[in-house]
Amino acid sequence: MMAERLDGKALAKSIRARLAERIEREGLRPGLLLIRVGEDPASVVYVGGKEKASKQVGIASRVEVMPESTSESALLARIAEANEDPSVHGILVQLPVPKQIDPDRIAEAIAPHKDVDGLHPINQGFLTLGAPRLVSCTPLGVLALLHRYEVPLSGRHVVVLGRSQIVGRPLSVLLGLKAPWADATVTVCHSRSKGWESLTREADVVIAAMGRPEAVTGQHIRPGAAVVDVGIHRIPRDHGKDALVGDVHAESVEPVAGFLSPVPGGVGPLTIALLLTNTVYSALASAGKAGTSGPVEFALEMADVTSR
Ligand code: GUN
């Protein structure tokens, strides 16, 4: 049996449709400011994708490109202005930023209720306290994908490979929260972990987010486990062509795992879709229309999973 495909592309499409319908129904005009500093080629592509997807659902998104030589204080001044602008509900500064800019200072400068990247220490603090507000988009995307395919998490052993600020750490906290959509037993492995292979072999769910091409193979996975691949790498292949691969060696994992997210078409499209749910949530909250649900519940509602 081959693993069932965790189709992030299809889920992202259905999330976008639900968001568009909600925006229309509520008569919202959510605003998203996307700031790119410099011309990092991957960032040009990512920010373009975020702008296009937001426009599709009816979010008024705006990309501002600042030159590579921008000073930290100039960027901070622009953020301060956007914090005060009532037409802007979400602010995202694409990473990486040039070396003269400290990304932590940028994260701290964005108003927490507009921090659709979930990187402000206040948002990370609320997450750790077990009362999440805005959460980073990739961890939310992984959660939405697992719920959409009804992969059980409560009481199950999840191994997260990677402890990055933007994926591994928030995701490991999120999945371990006391909540009907989480309640997992979480192990975090990182570059200094000894014997991570024996831990993944016992896991019900493996999240590969360590940033190493095709590092997780079929030998590392328990038969039937769910495997989510967060990595994306462009590597040279035969005939001078490049291939996109993840942190998972799909060919050897597919015959072993119960579920596997593909690269591309897995987590990637969801990162963008969940940026949109965060932005729409911020707009709803600022209009007093968010009700009692928080941004995580709103995201799961848009992924059509809370009603199951
Ligand atoms: N660069 C790569 N991923 C991300 C992300 O999720 N947010 C931001 N701001 N920059 C990134």
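Even glycines carry a Cβ here, placed using N, Cα and C.
Sequence annotations record features per position, and here TrEMBL assigns domain 'Tetrahydrofolate dehydrogenase/cyclohydrolase catalytic' to 6-117. Among the features that TrEMBL reports, domain 'Tetrahydrofolate dehydrogenase/cyclohydrolase NAD(P)-binding' is placed at 136-284. Marked as NADP(+) binding site by TrEMBL: G162, R163, S164, I232.
The DSSP breakdown of the domain 'Tetrahydrofolate dehydrogenase/cyclohydrolase catalytic' (6-117) into helical (H, G, I), extended (E, B) and coil residues amounts to 59 helix, 18 strand, 35 coil. Counting only same-chain residues at least 6 apart in sequence, those with a Cβ under 8 Å from the Cβ of G162 (NADP(+) binding site) are G168, C189, H190, I207, A208, A209, M210, G211, V230.
Taking the Cβ of R163 (NADP(+) binding site) as reference, residues of its chain lying under 8 Å away and at least six apart in sequence are, in sequence order, R169, S172, V188, H190. Largest Cα-to-Cα span within the NADP(+)-binding set G162, R163, S164, I232: 16 Å.
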